[in-house]
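One structure is given here, and the rest of the page talks about it.
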Amino acid sequence: MILELDCGNSFIKWRITAKNDAAVISGGVVGSDAALLMHLSNLPDTSFTDCRLVSVRSAEETARLVSLLADTFSVAPVCAEPAQELAGVINGYDDFARLGLDRWLAFVGAYHLARSACLVIDLGTAVTSDFVDAGGAHLGGFICPGMPLMRNQLRTHTRRIRYDDTEAEKALARLVPGRATAEAVERGCSLMLRGFALTQIEIAQGYWGNDFAIFVTGGDAALVADVLPGARIVPDLVFVGLALACPLR
């Protein structure tokens with residue numbers, strides 16, 4: 001079996017897949033290296049012989065996690081690296097190494113699935129969009145704050161905005177004008193994300209008409225799903241690209 005890791009700025013997403021058919025056996029999201037080791041150590045009847053990961057953390061943080069995994073589970077993790085080209089996709093950044101690896105693998109994975117022009121929107125701590133044409137050329141993309149960043153900035157810099165996560169969840173049940181602070185903030189931020197997503201569609205249509213695929217991924221994908229009815233919601237899109245970047249025999 002294979003342990004796959006997507007090490008983001010805030011969380012580590014993990015899953016264990018079968019080596020022969022890539023079926024997902026187990027998975028989850030944790031907030032720290034220690035929590036990851038605890039979860040993996042407590043899995044019943046599950047062992048893995050290989051590990052591959054993508055990380056947007058610092059080199060030191062990534063090396064520390066690789067060392068912990070090697071010492072604890074006797075595996076040799078393979079790490080995704082920046083590339084100018086992968087699986088038919090050409091990196092569109094002027095300095096290809098500066099493109100976030102999670103973004104890179106997400107749209108490489110999307111192009112692999114679609115084999116056509118595609119728009120990829122990832123809604124996590126940050127929100128990103130990327131455009132890949134039918135020939136695999138990455139045309140660039142956009143980055144803006146995601147729901148957690150927008151919410152936390154308002155809570156941090158506006159003294160009278162205070163509410164908990166339970167209130168936040170309830171507030172998103174509807175998108176009518178808010179009659180309480182939590183409703184106003186959560187719904188306002190949600191509408192901003194939806195507006196961002198719709199603008200990406202307009203840009204993609206300017207390139208390709210309606211001849212393109214739309215992929216949405218990330219923890220907050222559900223917030224825009226209803227305004228993108230033709231989109232494919234693929235929570236593990238980064239892992240699709242990771243398998244292409246780090247094939248294991």
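Easy rule for this one: first residue shown is 1, then count along the chain.
Each residue, glycine too, has its Cβ placed from N, Cα and C.
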One of Thr125, Thr128, Thr156 listed by Swiss-Prot as binding ATP at the site of Asp6, Cys7, Gly8, Asn9, Ser10, Phe11, Ile12, Lys13: Thr125
Neighbourhood of Ile12 (ATP binding site) by C-beta distance under 8 A, where only residues 6 or more apart in the same chain count: Leu5, Asp6, Val29, Val30, Gly31, Ser32, Asp33, Ala35, Leu36
Candidate nearest Arg103 (substrate binding site) in space, where candidates are the binding-site residues Gly8, Ser10, Asp122 and distance is Cα-Cα: Asp122
For Asp102 (active site, proton acceptor), nearby residues of its own chain (Cβ under 8 Å, 6 or more apart in sequence): Asp6, Gly8, Val54, Val56, Asp122, Val238
